[in-house]
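Chemist: Sharing a structure here in structure tokens format.
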Amino acid sequence: MHWGTTMSDVDKTISDDALEACFEQARVTQAPLPEAAMARILADAAAVQPRAPRMAWRAWVRALGGAPGIGGLITATCVGFWIGIAPPQMLPDVGGIVLGAEVSAFDLDADGFGWDLEEG
Amino acid sequence: MHERNEPDADAALLARYAAGDPAAAALLAQRLGPRVYAQASRILGDATEAEDVTQDAMMRLWRVAPDWQTGQAKVTTWLYRVVANLCTDRLRKRPATSLDAIAEPADPAPSAAQHLQNVARADALQTALDTLPERQRMAVVLRHIEGLANPEIAAILDVGVEAVESLTARGKKALKGALAGQRDALGYDDE
């Protein structure tokens, strides 16, 4: 039944179901993207892709905290080296212990650095 | 185009691409390339032009990748919009085509297999789509073939949702009229 339509009106259109069937058919019959086109797309992508960042020395500096971090690291290294070769009196002579020396920093009658013994 | 629940997947891949991950480009191209090509094919009705538009749209995606802000929009919505604009540019550069100049789909042989019938239906629909004004054609393709929701289509076409509803309604009415003369090609017993 086609209320308000004449036979000629019906001839000039198709039903909603028929149109929906066409849409459904279109959804399942879409031609695939040609391989050559895909290859061109991938070539474009490779040509303009940003390079992955490399861990250069600047990145290492940033990872260590920047200039303040590097400064602190250098200071700590120098102080540690100094303490290692000339420990204060309140600290044991770890170097002597490790090397098997009998001398202890507490036995030395020397100034803070102990170098006066060498000098007589 | 039926992966509505993965709004961040494409954006995540785009971020990986921008970070230099070579595998991300292939994944994105496989996910989005066929969708772009399908949309362009339906709107332009020309495979060669659709390939060019697809390559152009994807190139724009690659170039925008470093500046992409996750959450600003769905990648697919952005890409559909690019494709719509590229197709519009091409359609407006074409010389006007009369309806009589549009080729009729081939008549299927009486003994044609079902897949040939299906191809004939698809061809008939494409021929009918080609007769629609470009905005109606885009709205109908995005709504009824790509399956997008009206708000997303509104964002793609830069119009309101009501305008999308109007475009699709007028487009469907025009399609039904254009397809009425091709009942034999459609192969439906349309009562």
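In case you wondered, yes, glycine gets a Cβ from its N, Cα and C as well.
Annotations for this protein, taken from TrEMBL, read as follows:
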- B:28-94: domain 'RNA polymerase sigma-70 region 2' (DOMAIN)
- B:123-175: domain 'RNA polymerase sigma factor 70 region 4 type 2' (DOMAIN)
Chemist: Summarise the domain 'RNA polymerase sigma-70 region 2' (B:28-94) as counts of helix, strand and coil residues per DSSP.
Modeler: 57 helix, 0 strand, 10 coil
Chemist: When secondary structure is assigned with DSSP, how many helix, strand and coil residues does the domain 'RNA polymerase sigma factor 70 region 4 type 2' (B:123-175) contain?
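Modeler: Once the DSSP states are binned, the domain 'RNA polymerase sigma factor 70 region 4 type 2' (B:123-175) shows 43 helix, 0 strand, 10 coil.
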Chemist: Could you tell me the mean pLDDT over the domain 'RNA polymerase sigma factor 70 region 4 type 2' (B:123-175), as a whole number?
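Modeler: Averaged over the domain 'RNA polymerase sigma factor 70 region 4 type 2' (B:123-175), per-residue pLDDT gives 94.
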